[in-house]
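So the structure is just underneath, and the comments pick up after that.
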Amino acid sequence: MGRYVIRRLVQMVPVFLGATFLIFVMVYAIGDPVSGLFGDRGPDPATAQALREEFDLDEPLPLQYVLYMGKIFTGDFGTAFNGQPVTQLMEHAFPISFRLMLVALVLEVVLGIALGVITGLRRGRSLDTSVLVATLVVIAVPTFVLGTTVQYVLGVKLGWIDPAVSPDPRLDELLVPGLILSLVSLAYVTRLTRTSVAENTRADYIRTAHAKGLPRRRVTVRHLLRNSLIPVVTYLGADVGNLMAGAIVTERIFNIQGVGYQLFQGILRQNSPTVVGFVVVLVLIFLLANLLVDVLYAVLDPRIRYV
Amino acid sequence: MSDATSAPPPMEAEEENAAKGLTAGTSSPDKDAPRGLWSDAWHDLRRNPIFVVSALLIVFLVVIALWPSLIATRDPQRCDLARSLQGPSAGHWFGFDTQGCDVYTRTVYGARASIAVGLCATVGVALVGAVVGGLAGFFGGFWDTLLSRLTDVFFGIPVVLGAIVFLSMISLSGIWPVVLVIAALSWPQVARIARGAVMTAKQHDYVQAARALGAGNARLLLRHIMPNAVAPVIVMATIMLGTFIALEATLSYLGVGLRPPTVSWGVDISAASDGMQFRNAPHILLYPAAALSLTVLAFIMLGDAVRDAIDPKLR
């Protein structure tokens with residue numbers, strides 16, 4: 001197990017470098033970070049040259065990347081062009097987004113699995129059908145339409161929630177944005193759990209468990225659920241990426257000043273160090289989440305052995 | 001209550017088999033001819049109301065996308081500011097948007113961009129994914145390692161994140177950059193599936209037999225392996241089509257996807273929700289959003305139905 005984790009961590013290194021290099025190329029080779037600073041009026045050549053030297057932009061691209069990554073590993077994510085260190089932006093943004101994603105993830109896991117088990121055990125009944133239809137609608141209606149509508153109805157019309165959250169939001173303020181963020185994933189988790197539960201209720205080990213007289217609750221939780229969760233866990237790993245993307249939309253709707261907000265501001269203002277810095281950290285989180293998922297397999301399914 | 005968990009399956013399974021034999025025997029005239037995967041799937045699909053409804057809806061949407069003037073006679077770009085935000089009326093069922101454009105005409109014309117992006121991106125994803133995954137699965141060894149790591153690298157970039165970065169850095173407009181970036185970042189999912197399917201198909205006896213008869217790699221891959229490995233790729237691609245249409249709208253909403261003057265549902269929804277303009281005129285948000293949702297729904301249901309037909313195990 002320990003060796004497996006270490007091997008996977010080592011395998012992650014080239015993937016991490018490759019993915020971040022791609023992002024780096026997009027920002028520094030396709031875009032022009034210096035001219036982005038000056039808007040429509042072209043920069044004075046001397047100033048542009050000085051800026052290029054300051055940010056190592058006069059070096060060839062692969063060397064720029066190496067220099068940049070070198071700095072990152074010493075904790076220096078560079079300065080946004082307005083002089084604010086990128087790490088300072090991160091310190092503020094990441095805890096907020098973390099809270100938002102935590103709310104979303106908890107709602108998604110708890111509600112999604114609960115709904116999935118209930119409908120999976122009652123396939124074909126009216127409750128099952130209505131939940132299935134509801135998940136289809138949730139998947140089809142884009143998050144930003146749902147988000148703006150909910151914000152308008154609950155926040156402006158009814159006044160139940162604040163349409164925009166405070167700069168440093170508490171968990172309860174993030175409940176509605178978190179729900180909006182989690183809805184699509186929640187629908188997928190429900191459908192996956194439902195299929196998986198429905199398939200496993202026919203398995204031999206479930207019949208055996210019933211036959212040896214275990215109480216129903218124990219059969220469902222210990223035998224059925226544990227085996228049915230394997231595909232759900234896979235989905236959750238990939239879903240971290242979806243949540244990150246969804247967070248950009250949700251944070252924009254509810255004016256939450258988290259990672260998505262900072263990233264979006266950085267892109268709008270062509271603030272390359274901010275963009276690359278945030279994306280590098282997000283890619284790292286995404287890869288680690290997927291590693292965590294692979295490790296969780298072993299806990300859920302002892303048949304999977306790692307060498 | 002207890003029957004839900006403890007129902008012993010044998011009876012059910014037998015009944016099912018009997019029923020299947022019966023329907024197959026009575027309904028298909030060529031009952032003696034063994035049906036292949038595709039004709040079997042088609043047989044199932046024709047009887048699936050969800051498939052029929054979503055397929056009809058999609059045919060309708062594609063016709064509208066190709067010839068929008070069939071049902072909308074006005075010009076989507078001809079707007080009259082004097083009619084800004086006017087509500088629905090007899091001649092203009094969906095009312096007018098902020099710029100005074102006819103919402104009905106724009107909703108009809110919006111189908112083209114959304115469906116074009118979805119279709120082109122899906123074709124791109126399926127091609128790249130099938131080729132990379134197929135080669136990795138077929139040749140194995142060094143090529144597998146190389147291509148799989150490449151797949152991992154692209155898989156490591158969350159799609160929307162990468163799309164926002166890329167699209168905001170280039171200054172091209174139109175649908176092609178959006179198609180390109182969606183395809184470039186989504187193919188790893190297909191490649192992984194294709195690789196697995198090819199690796200399974202490769203081990204079958206008929207592949208060995210064909211090789212023993214002297215078939216070359218190209219012939220093996222194209223004539224024997226691919227036809228038997230392509231089903232999961234097609235299922236994946238159908239489901240992705242719906243999500244790509246939603247993705248285009250999301251990118252347009254964030255201001256990096258399609259931009260006006262391109263007419264698209266995402267552009268119109270973005271304009272409607274900007275500063276909550278829909279507050280006093282809900283119709284400017286409602287109609288493009290409904291059209292978008294209906295389209296996404298149709299493609300997702302189609303994908304579900306196709307998957308059920310091709311892979312009954314997942315039902």
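The backbone N, Cα and C atoms fix where each Cβ goes, glycine too.
Automatic prediction, not curation, is the source of TrEMBL annotations.
Marked as region 'Disordered' by TrEMBL: B:1-33.
For the transmembrane segment (B:50-73), the list of distant contacts is 104-105, 108-109, 111-112, 114-116, 294-295, 297-299, 301-302, 304-306, 309: same-chain residues at least six beyond its ends, Cβ to Cβ under 8 Å. Among the features that TrEMBL reports, transmembrane segment is placed at B:50-73 (among others).
Annotated domain 'ABC transmembrane type-1' per TrEMBL: B:111-303, in sequence order.
TrEMBL lists B:115-143 (among others) with the feature transmembrane segment.
Residues 113, 116-117, 120-121, 124-125, 128, 192, 244, 247-248, 250-251, 254, 256-259, 262 of the same chain, all 6+ positions outside the transmembrane segment (B:155-185), place their C-beta atoms under 8 angstroms from a C-beta of that stretch. Taken from TrEMBL, the feature transmembrane segment applies to B:155-185 (among others).
The transmembrane segment annotation in TrEMBL covers B:229-254 (among others).
Positions annotated as transmembrane segment by TrEMBL: B:284-306 (among others). If you look at the transmembrane segment (B:284-306), the same-chain residues 6 or more away from its ends with a CB under 8 A from one of its CBs are 41, 45, 48, 50-51, 53-55, 57-58, 61, 85, 94-98, 103-104, 106-107, 110-111, 114-115, 118, 234-235, 238-243, 245-246, 249, 265-266, 268-269, 271-273, 277-278.
Residues 37, 113-115, 117-119, 121-122, 125-126, 129-130, 133-134, 137, 159-160, 163-164, 167, 178, 182, 186, 189-190, 193-194, 196-198, 200-201, 264-267, 269-270, 273, 292, 295-300, 302-304, 306-307, 310-311 of the same chain lie 6 or more positions beyond the ends of the transmembrane segment (B:229-254) yet place their CB under 8 Å from a CB of it.
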